[in-house]
Every structure is written in C-alpha cells, then in structure tokens.
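A short worksheet on the structure shown next.
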Amino acid sequence: MNASGLLTVLVDGIAYGMLLFLFSIGLSITLGLMRFINLAHGAFAMGGGYVLVVLVGMAGLPFLLALPVAFVAAGLLGAALELTVIRHVYRKSELQQVLFSIGLAFAAGAIANILFGPQQQPIPLPGWATHMVTVLGIAISGYRLFVMGCGLVALGLLIALFNHTLFGARVRAAVDKRVTAEGIGINVGRLFAAAFSLGAAFAGLGGALAVGFLGLDPSFPLKYLVIVLMVVAIGGPGSISGSFVAALFLGVADALFKYWLPEVGGFVIYAILVAVMIVLPKGLAGKPA
Amino acid sequence: MARLTMPPAAIRRRTFLSLAPAVAAGAAGFPRALFASGAPVTVGVILPLSGAFADQGSHYEVGMRLFQEMNGTRAAGREVRLVIRDDQGPGSGDLARRLTQELILRERANIILGYSFTPNAMSAAGLLTEAKVPGIIVNAATSVLTQRSDYFTRISVTMSQVAHSLGTWAAGNGIKTVYTIVSDYAPGLDAEKWFVKGFTDGGGTILRSDRTPLAAMEYVPFLQRAIEAKPDAVFAFNPGGDVSIAFIKQAGERLKGTGIKLLVTGDVVDDNLLPAMGDAIQDVISAWHYQIDVDNAANRRFLAAFRAKFGANAVPSYRVVQGYDGMALIYQTLDKTGGRTEGDVFMAALKGARLDSPRGPVLIDPATREIVENIYIRRSAFANGVGVNTTFATIEAVRDPAK
C-alpha cells in the first residue's frame, strides 16, 4: 500500500461514483419529487445502452455523437411510457407502484433479450478512452476521466434547472401543493411528463456510458437497481446534490474498503447504508416531511 | 413393463422410489422385445434454455443436433431421439431434479445428457442412482460430481483439472510469484485451491490470495493491491459473462506496462466474450480443454460442418463441442453394447471409452468415470477489432488431480 496507489483507487472510486450519480438522478426525481416508486428506472439506462450499441457497435457512428442520441432517445422513451401507462399509476398505492414498475423492468429485459439476445454487447471504444493518463503518479483511463466530466456537467445543469429556472420552480410548486399549482394555471400533468422524461434521459446517458465500463445485457435493469436505490436512499430522495454526494461517497467507500480490507470490503457499503438509515432516515439531504 | 399413466407432478418421491426398481427390472427383462420393436433410445436432455443462461444452453443443443446431422439419428440399429427440457439455469436444482424424474418416468429416458450447472447435476444424482439411469454431465465442472452417483460421467472438464494444469505450467515457465484474485464462491475457491497447489508444488510462491464478491463489477482496488505486491503474474477466476468482461477490461488496462502477466481459466476469456473485452485481452494467458485451433482431423471435420451451417466465420464455443461429444459418447457406447441401454450394462461399456474428439483424444477413466483430456495453454490477442485465443502449449492426457 502506498500513497499513489491510494490516490489511484480514490480517483477510480470517484469515477464509479459519477456513473452511479448519472444512474440515480432520474430515480431521485421520480421518487423524491413525484413520489412515484419507479423500480423500472434501470430499464431506461439499459435503453440508452442499447441505443449506443446500435449506433456505435453496429452502425459505426462516432462514440461522442452517439451519446447525445442515447440521452434524447431514452428521454423520448420515458416520455412515451409516461404518457401511455405510467401516469395512470401515480395515484395507486405504493405496493401497486412497486409491482407495476418491477414488472415493467422484467418486461424491458425480456424485450431486450428478444431484440438483441442474451449475450453481452460489445462496443469499440475510441482510442482516447482506452488511453491511460498518468498525473502525479495516478493512472486513470481517458474513459473514466470523461465519465467524471459528464457527472460534473450533469450536476451543474440539473442544479441550475431545478433551483434557478421557472421550470424548476413549477416542479417544486406542483410537488408541494398540486391543487394550488393547478389552480394558478400550471399544467401539472405535462410538467410531470417532462420531469419524468428528463430523469429517463439522464439514466439513458448513464447507461450508454456504462457499456464501456460495466458491459450490457438484458439483466441490466435489475442488476444495478439495488445500488441505485442505495444512492437515492442515502442521498435523500428528491435532492440532486444529495444523490451526488451519496453516489461519490458510495463509490469511494466501496473502492477504499476493498483496497484496505479486501476480506470484508465489499460489504462495507451495506453497513454504511444501514447506519445512515438509522441516523438519518430521510437521507443526507432529507427535509422534514 | 409397468405402464405409468400418472402425471409427473403427482409422482411423489416415495412413489418414485417404489417404482424405480420395477422400471429397472422391467427394462432388464425385456431388452429383446425392445430391439424387436425397434424401440428408439431416448436421450433426456436437461439444459438452461431460458433466462440469463439461455445462450449457453442453446450451444450444447447445437452441438448435439450437429452430431446427429453428421452421423445420422441411428446408433446400433436403434433410433436415438432427444427429448429436451429447460432447467432455467443455476439455482433451479429442484426443477432440474423434477425434470430428470419426468424424463425417466414419463418419457422413459434411457440416458440423461445435460446439466450446465453443478447444483442442478447435484440434485439429480440420487435419482440417477435409484433409477440406474446413466447421466452424462455436459458441463458442470465441480470435481466431486462424479462421486455423487455411480451412474454419472462427465464430457466437459473439471475446474481442478484446468487450474492445476495452469499452476503447474506457470511454475515451469519462469513465473516465480503469483497474486491470486478469485470470485468468492465454490468454483472460485476450487480454482484458487488447485492453481495454488499446482504452482507451489512446482516451486512457485503465492504472495497473497484475495477473494472478491461474486457479482462485483469494480476490481480496481484488488488490482491495485496486486500491482503493489509486484508479482510475476496475477491468477484470476470469475464466473464469466459480464463479471469477467468487467474484470478483464480493468485488469488489461491496469496491468499494461507493469510487466505483470495475467493468467485465467479459459472460461473467463471464452471466445464469445472476446469482442466485448476488446484489446484488454492482449497477452492474457489461459488454460482450457477446447480451442478452435486444435489441429486434428476430428476438429477439421467438426468445424467444416459447423461452418457449413452457421457461416464461414462462425466460432463454435467449447459448449458446442461438449454437446457434440456427449452425443458421440452415447453413440459409441451404444455400438459397444449392441444397443442395450440398461444402466449397468451401459456404464460398464462407457468406462474406459476413448473418443477421437475435436478437442483431441478423450478417455473416460474406468476407475473414476471422470474425463481425461488435453489441457491447452493459450494466449489471447486482439487485432483489427477481432480477438482470438491461440494455443502455444499442450498438456496431454490430464487427469482430475482431485481424485
């Protein structure tokens, strides 16, 4: 164990955390702001991943061009589903929401299986992504640096959007007092559709970025559900910056403890989850109900 | 012969136990009658054909069908028919057991060929013993399986065979120190144990052995520990699929330029995973029992038939070969028994069987019913978007060191 090794692991943990953050944004919006328990959230991430596979792996488009397409496509998919089925579930009980959305996740996996088969999807990464960069003895791949950049940009954009625009103010108003918001002429239905679609879009971006990192197959929607729920729970549902802090914290804690204590390292993040839930049941950024 | 009209779900274990000897006795009493009617030999096949492992299940089936297309559907004058059931992958031992029972009782399966996963084979072992039906394990690689039933044999490989061979090879080829990283579950611990044994018996030193959570996708912390220990090589095992892709991608990136070699079992760099791993596979060394470049007449014939069917660039996985060889073993044994399929007759003929397989010479050890075969040491390479494993050393006629 040495200082540069420690820093390398730390930086890797941050990159992994950024990916978790991108995954979890949408769930944080739907769960925290819209109070809809969407366990099918990972399906949008998977959708973004498959868009990237089709564009880069099959059609040969440049990686950087395919990323925004994956973002938009997942957003459109989210909007389409919101308008057709999901909006009918908002007022159902929590159990019904859970059952409905987990069913949706299974269905998404089955559709992906039919369309693309059960195998892992390959994508060729551009040269800059596989190149290792060494700064002060810390080795990191171009891809991980890029993921970190994407996470930071997403954080900035979302905070600006929710805290400093009319759209953000309307969403917050609609969440807190729906009837009043409708009374002053806010179209809450359309607003929620937009917010849901935005969450799906960011999940799609995260999923697209994850292909080069973690791989992609039809079990994707369920495989990362637990860790994404942990991010949202620890961060506090509805808080973008809370999710950000929680994702980084989990990514770094996971990496560091695996490095220091490989015998138990993989378990530590679950212990952290339990501890946070006991001390701060509403998460790091939780507001009183 | 007792006629069974009960639906399989209604057949309880006790009923089955009382019927099994009757079925066996009935079968033994009427072999001649069966030949006279030209009754088909029924091979009950149990594979994962749905869910996350449907892909691998389909590979064995392709191999079985391919063998029949090449060699006809008759052996020793009897039609050989496949009755295929889906056990839905690992963690369905109960289902595999029920399907085995259904195949034996309702479909009157004479031989069972299948089981991709150890727990599923394990759960069926007792049934095969009770019903005296031969079971040929098409994949499950835990060494102890063939000791669980006298009617089990295996047409794949054992983890101990592969890992021990790789350890021995490493010690004999200039690698002095190794750091091991395996997934923390039974096959991982098996791989670790037998690699370490082969390597230390050959004079090598293990610096440290780390075990990773089974479904872990982040391996950098473990790799960083390994790099700091400065071993000559890292030995790794993980359960294939996405986990292995994540591991190899990260290991390939990190170990590049450190001079540390990466050694794995062949399933980690299975040919059909190589495209998703990309150039991270460059120079990974692995040990496995089949490799497309095995140079013998049987493999040329097999590849020609496979490619005639699936295209000139199609790459058969080792699973296809296992399914293919499973059928070859059945045909050859039927030839030897003159078409008789009673458990004890069939098993007696099967012991000591030799196959001229696409993977090289195969022997079923008469004492242990375990497969004896070549283990190939391969190096992975990646060029122009295509990954390949190339054999550069062969360890001949490897027995399972665990027996």
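Placed from the backbone N, Cα and C atoms, the Cβ positions cover glycine too.
Beyond its flanks by at least six residues, the transmembrane segment (A:6-27) meets 38, 41-42, 44-45, 78, 136-140, 144-145, 147-148, 150-152, 154-155, 158, 196, 198-203, 205-207, 209-210, 213-214, 224, 227-229, 231-232, 235, 240, 243-244, 246-256, 259 of its own chain at Cβ-Cβ distances under 8 Å. Look at TrEMBL and you will find A:6-27 (among others) tagged as transmembrane segment.
The annotation transmembrane segment is assigned in TrEMBL to A:39-59 (among others).
Marked as transmembrane segment by TrEMBL: A:65-86 (among others).
Tertiary proximity for the transmembrane segment (A:98-116) is limited to same-chain residues at least six positions away from its ends with a CB under 8 Å from its CB atoms, namely 37-43, 46-47, 50, 53, 81, 85, 89, 92, 217-222, 225. The transmembrane segment feature in TrEMBL is assigned to A:98-116 (among others).
Sequence-remote contacts of a segment are chain residues at least 6 beyond its ends whose Cβ falls under 8 Å from one of its Cβ atoms, and for the transmembrane segment (A:153-171) they are 21-22, 25, 33, 181, 186, 191, 194-195, 202, 205, 240-241, 244. As annotated by TrEMBL, transmembrane segment applies to A:153-171 (among others).
Under 8 Å from some Cβ of the transmembrane segment (A:191-214) lie the Cβ atoms of residues 19, 21-23, 25-30, 33-34, 36, 41-42, 44-49, 51-53, 66-67, 70-79, 81-83, 86-87, 90, 121, 123, 125, 129, 143-144, 146-147, 150, 154, 158, 167, 170-171, 174, 220, 224, all in the same chain and six or more residues away from its ends. Look at TrEMBL and you will find A:191-214 (among others) tagged as transmembrane segment.
The feature transmembrane segment is assigned by TrEMBL to A:226-253 (among others).
Under the heading transmembrane segment, TrEMBL lists A:259-280 (among others).
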